[in-house]
Amino acid sequence: MKILTGTINELLNEVKAENNTNNSLQVESEVKSIIEKVKKDGDQALFDFTSQFDGVRLTELRVQTADIQSASSKVDPAFLVALQQAKANIESFHSKQKQHAFLDSEKDGVIRGQLIRPLETVGIYVPGGTAAYPSSVLMNVLPAKIAGVKRIVMITPPAENGINPHVLAAAQLAGVDEIYQVGGAHGIAALAHGTESIPKVDKIVGPGNIYVATAKREVFGLVDIDMIAGPSEIVVLADENANPAFIASDLLSQAEHDILARAILITTSKKIAEETQNEINKQLENLPRKAIAQKSIETQGKIIIAANTQEMFDIMNEIAPEHLEVQLENPMNYLNQIKNAGSIFLGSYASEPLGDYFAGPNHVLPTSGTAKFFSPLGVEDFTKRSAFISYTKEALAKEKDAIVLLAKKEGLDAHAKAIQIRFEEEN
């Protein structure tokens, strides 16, 4: 893991050099072909692609209700308790995000307002196959339920022995309405276009590999999506009082995700930089996913020694990380200096996995610098706003001349006429 020093511009160039997503033309071409086949052949294309990509020959796509209900009996009861605790925290946090309708009548004869309506049908993508991500089920489904989405459709790739019971148990607990054992770009295509079995949805959310991300980009506009997620990333800000073992473990918690994951420490202390580097090498030896984490640390990892605290925040805000840990003395004092970050962890005991699984804020976060303009997944992502207005004749009469003037200045005479015609009988 490189230790970097230099001017702020030199340091930014170092970290920006890796800040790109793999958007190969070959993947895009393959995904377009997959989408077209699903549009043309429907369910049969899903059976074919599931056999080709997952090595599983399906006879039906929908997971039966009995299989979902029996999943809880196949998992450790302690897991179910932990899942219920996480669910309570996620619901508690996200329920505070609910937007509200409003109505005002500040002028005589004028009523204006806003309606908040949930989306009708949402598709949730949950990575699957050999891996299991029940936390992803909760983080994507629960905000949609709180928003009032009527139909939640989940898709996840199958393994040879079906779908992981931990994922099914999480789906039942969260309140998923339908589950289909299909994944990849073909699963995204099915949600966007609909097939004989899978309904077309209004929005698709959830993480996935580059094929899933590319497919989401391709269908955006036909349906809404949450975001295009890149590899996971973390930036830790640390002063001379931080614990190098804590820092190293948190950096590795992201590095083990993916060889392209980015783990960056920014510190004002050379001693902390060197001790953290040693801790990373030490802790790597005991990781089951050592090969992935080590490759990530070697190719994407950085330790930056900043000149001062302000420079730490300047560099971090330019990176706009998915996860930001502030391991500084009195971390709450620095909240105002944070402009661009997906999720923020304050203090030595707010470790990033706390947010991944349990604390309540969402773990579906903007990556690759998009925290400059995107937000974490939330309840508002599953709602839409409509405005309404009502004017009496007397209220419109007071403002008609201004409206007509504006319309004519834009050369839209029919707009002007639509106002004028309502008062012609008086002339």
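Numbers here mean position along the shown chain, with the first residue as 1.
Every residue, even glycine, has its Cβ placed from backbone N, Cα and C.
Matching Ser232, Ser386, Ser390 to the substrate binding residues that Swiss-Prot gives (Gln254, His257, His323, Asp356, Glu410, His415) identifies Ser232. The binding-site residues examined here are Ser232, Gln254; by Cβ neighbour count within 10 Å, the least packed of them is Ser232. Neighbour density for Glu410 (substrate binding site): within 10 A of its CB lie 9 other CB atoms from the protein chains shown. In three-state terms derived from DSSP, His323 (active site, proton acceptor) belongs to an extended strand segment. A separation of roughly 13 Å, to the nearest angstrom, links the Cα atoms of His257 (substrate binding site) and His323 (active site, proton acceptor).
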